[in-house]
Amino acid sequence: MLKNKKSDNSLSRDTLQIKKRKKTTMAQNGSNTTVKLIGTWASPFAIRAQVALHLKSVEHEYVEETDVLKGKSDLLIKSNPIHKKVPVLIHGDVSICESLNIVQYVDESWPSDLSILPTLPSERAFARFWAHFVDGKLFESIDAVAGAKDDAARMTLAGNLMENLAALEEAFQKSSKGGDFFGGGNIGFVDITVGAIVGPISVIEAFSGVKFLRPDTTPGLIQWAEKFRAHEAVKPYMPTVAEFIEFAKKKFSV
């Protein structure tokens, strides 16, 4: 369904004529060690890192990779020589790669009254289980729908995605205990993890014509997504649905 355009030097937010968000300046944590985050504005995984840094009030420099499809910056290649992907958190002379690894690192390196990961071992295990589910089965099913070659295959794969979303809906209903988020009253590790599907789901809904988040099957996730987008730690970094769709059109030559 979505054919990747290998060479496109017009994928920056400025080129798409989308208003560039201002970098939020946050309070220092008392350390003089430099903190940088390398990301791309439309990357759901970079958004995870930005939300974690915001929640922990970590002052940092955000470095935008403006054209990751055409080429990678020297800083990105040096900081993540194995995968050469965003996000990368640079803390002094240490580079931390992979979004969930970064979220956990931020939570542990800047202790505060607000903990991203739960403190109880059983709840931490629950959070890590669903993080693995999202980055494994759920994203695999999203990618499968996006890459379907025909309508028949797409409908079969859409059923698999809906099953995975139904499982996530059940987890939300059990863990939220009537609150707005997976952890109850405030966003935490599972919310930050699941937040990475908001953009991709919006894009495949737009291109496939299939609604995956539906009031009859995922009412909790629909309300959760609205609350998550509006949260003060998320809103400055989360692109709108229209922005995600416009980016996908450029990226996949649609």
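Yeah, the Cβs are placed from backbone N, Cα and C, and that goes for glycine too.
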Which listed span Swiss-Prot calls motif 'Nuclear localization signal', if the choices are 4-8, 19-23, 214-218: 19-23
Other C-beta atoms that fall within 10 angstroms of the C-beta of Gly71 (glutathione binding site): 13
Stretch-averaged pLDDT - the domain 'GST C-terminal' (120-252): 96
Maximal Cα-Cα distance (Å) across residues annotated as binding glutathione, namely Ser43, Pro44, Gly71, Lys72, Lys85, Val86, Glu98, Ser99: 21
